[in-house]
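Asks: Pasting a structure here, questions to come.
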Amino acid sequence: MTDPEVFCFITKILCAHGGRMTLEELLGEISLPEAQLYELLKAAGPDRFVLLETGDQAGITRSVVATTRARVCRRKYCQRPCDSLHLCKLNLLGRCHYAQSQRNLCKYSHDVLSEQNFQVLKNHELSGLNQEELAVLLVQSDPFFMPEICKSYKGEGRKQICGQPQPCERLHICEHFTRGNCSYLNCLRSHNLMDRKVLAIMREHGLSSDVVQNIQDICNNKHTRRNPPSMRAPHPHRRGGAHRDRSKSRDRFHHNSLEVLSTVSPLGSGPPSPDVTGCKDPLEDVSADVTQKFKYLGTQDRAQLSSVSSKAAGVRGPSQMRASQEFLEDGDPDGLFSRNRSDSSTSRTSAAGFPLVAAQRNEAGAMKMGMPSGHHVEVKGKNEDIDRVPFLNSYIDGVTMEEATVSGILGKRATDNGLEEMILSSNHQKSVAKTQDPQTAGRITDSGQDTAFLHSKYEENPAWPGTSTHNGPNGFSQIMDETPNVSKSSPTGFGIKSAVTGGKEAVYSGVQSLRSHVLAMPGETTTPVQGSNRLPPSPLSSSTSHRVAASGSPGKSSTHASVSPASEPSRMMMMMSDPAEYSLCYIVNPVSPRMDDHGLKEICLDHLYRGCQQVNCNKNHFHLPYRWQLFILPTWMDFQDMEYIERAYCDPQIEIIVIEKHRINFKKMTCDSYPIRRLSTPSFVEKTLNSVFTTKWLWYWRNELNEYTQYGHESPSHTSSEINSAYLESFFHSCPRGVLQFHAGSQNYELSFQGMIQTNIASKTQRHVVRRPVFVSSKDVEQKRRGPDHQPVMPQADALTLFSSPQRNASTVSSNEYEFIELNNQDEEYAKISEQFKASMKQFKIVTIKRIWNQKLWDTFERKKQKMKNKTEMFLFHAVGRIHMDYICKNNFEWILHGNREIRYGKGLCWRRENCDSSHAHGFLEMPLASLGRTASLDSSGLQRK
């Protein structure tokens, strides 16, 4: 194929996978070597493929985002020559209210592949894309598909942000930035599309956070190419000159800007450079070398990659290397790759493995993301019955609030053992020293000479946190409370726990000093803790170097006492700007706003059966088939009593519930302005296995009385439709962006899955459609686990299944046990086992053959089998001692416990096609069959393994 055909093919693959893929995933779809693929992507240029890289402790991840210069014409009637596409964007997205038969009434063309459009696509080398793939590409490339941008938006940090009545329903972002032509180095308008308010508007218009993230990365790439690093030192008389430290829009919490702090000398000697803002970027000399990171993709020679980072580390002296260095918004050295600045869930690392500490700018308003207050909530249903229930859970993804990270104005430095510890810029140390008494400032000390200060929110009662940082499991550094046996309740009794689940610790530097707000238990006194007083690490900590943190509260005196491991654990809680209004917590550690990436969105079915045996399971383990969470920066937090929310959500009549003063909107999936999400088990149509814990979804349409009627059910004034919820759910999973035509009585309808709208083809009447699950309580879950009232129906045996499931008395088997079923010697199954057994052991007689029946293991086997691409089943024998029989029948084989040295057909286990054929010792030996759950009992003189 020629290059244009290859470019179109790569674009088609990317768009079929949502417009973005990692390089490894792309290589799995294309039969090309890595070096050749790199040359193709480089030849296509950033106007076709945006190349990104993110790094963490596991290494550097390279991603490819598809983009195009093709645009949709915005004119309703275009009479002049135009090189843009002429089509209806709502029809492309499946949301146009004009049906296919009435498309001539629409002012825009519904013929996506018209002769004129096909020529435009051919000019842009996109002629091989279908309508769905073209929609994915245009949505993330053409600003025309974004919601309307506020024309009176003046920028951040002003008294009047825009002239529209508040709250403004339009986007508050820089329009020039979305078009790729913003040339202001310090633009007053926001360039952050992942801002929570902007993201909420995007979601209302059908753009998911993943799509918005792709748009953000594409715009960042354009902005970086238009404003290269060489242009980032503006003239003093120009806008954004040296007399301005930075614009107010850059003071905000901006996920797309990088502020690189060079690491100090490993020896940690010498104070930081006093001149922070005047230091030259140590990476400036090697900015061009960043483009070479992808050049050696697929090669074994990494020396040149290492030289890039080593040059950055050695080009300056130790004093300069400690200084805070700064890039502009979206800044990164010129090159083939733009770093994914919005994704701060992983730390930026160089190709040689040295961490690049990303300091993200903070906005005072955006910083104060808090959790809705109140320990109890009022759930209001359609009957206005109020029931007070606990609001938020006392744990967040299994990590306690006392172990939440506390970050303030801390930087990072490299230590001898490779850990990252927090330091302050010298400018900030001086500014704090001028406003505080040295005896009332908490300090963090270590073996080096650098000292970090935390400033209390209450000037008269400063906090004394003694903490240290360590590398977290996801590659981020955090300051943790390290007192063992951490209490399970928060200081104020709300039972809220919080933790960072990913992302780099925020590093704040600048002219203004930011403060860490630390709250202690009522009645506690604050105590200074010296860094040398190291305590045993917390069980959740991954580092061995920790310090305990004690905190102060208003109105309490501070005492200078050392904290011992036996003292009361310190409780850390981040306060809102108005503590009287919000008594719960928020965390100042910014992480990636790609909130869909935090946590795993599918709940593990095996875990619900209490039988997940995978060490690194890629699914969410939870005790319910659903999980409601609230996103409060930087983590998802569980609601405490999820059954109340789930029960309301399952009722299609309920769109909004009020929990005290907080509003949960199921349509927008928000709690006030905070995003919420619902994790779930797979849909019942996704698995051929009829598992009792899959989610059953029901589909409803709203009539003229605003009442919801389930599809397939009759109503007093409407005829039942020919389709039901099961049919819609199956069609929805096979074509989630499609349009389904059906009829009910004499009326014909179209249902758009993307817009969730039902349209009457004749009258053009539109009805709202909702999809809600069937409510399952915790008692229902326990009952399904226990059985025997509910036993899942076994699938029909197919060509690849060696044996069908046995008939058994289900009442005699509990969900956690097994049963032996003796096979009749006239059964076909008995004959197959006997024939294979006697093929190598003719001199022995089979007394009985028993089959092991374990419902849990059988369901697990069937689910795994459905995911296999090459389904090859083998009938194997395995010899094991009687001592292990009960464990294996209950829990299946464990190669660590029951394995041996010979590995032939299974990891650590001796599997054989034929049975053993010689004897040396006498005994009675059983041979369980792992995959099918059967046992052959032999009365023999012993068996010897080859």
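Here the Cβ of each residue, glycine as well, is placed from N, Cα and C on the backbone.
Feature annotation from Swiss-Prot assigns domain 'PARP catalytic' to 805-946. If you look up Swiss-Prot, you'll see Ser257, Ser262, Ser265, Ser269, Ser273, Ser324, Ser350, Ser553, Ser583, Ser680 (among others) marked as phosphoserine. Sequence annotations record features per position, and here Swiss-Prot assigns phosphothreonine to Thr277. Summarising the annotation, Swiss-Prot assigns phosphotyrosine to Tyr508 and lists a large-scale study or a structure entry as the type of evidence. As annotated by Swiss-Prot, region 'Disordered' applies to 221-283, 302-354, 461-491, 523-570. Residues or ranges marked as motif 'Nuclear localization signal' in Swiss-Prot: 69-76.
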Asks: Please indicate, using numbers and ranges, the residues of the same chain that are 6 or more beyond the motif 'Nuclear localization signal' (69-76) and have a C-beta under 8 Å from a C-beta there.
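Replies: For the motif 'Nuclear localization signal' (69-76), the far contacts come to 47, 82, 84-87, 89, 107-108, 120-121, 124, 126, 137-138, 141-142, 144-145.
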Asks: Can you give me the average pLDDT across the domain 'PARP catalytic' (805-946), rounded to a whole number?
Replies: 61
Asks: Kindly report the helix/strand/coil residue split of the motif 'Nuclear localization signal' (69-76) according to DSSP, in that order.
Replies: 0 helix, 1 strand, 7 coil
Asks: Using a 10 Å radius around its CB, how many other CB atoms surround Ser680 (phosphoserine)?
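Replies: The Cβ of Ser680 (phosphoserine) has 19 Cβ neighbours within 10 Å.
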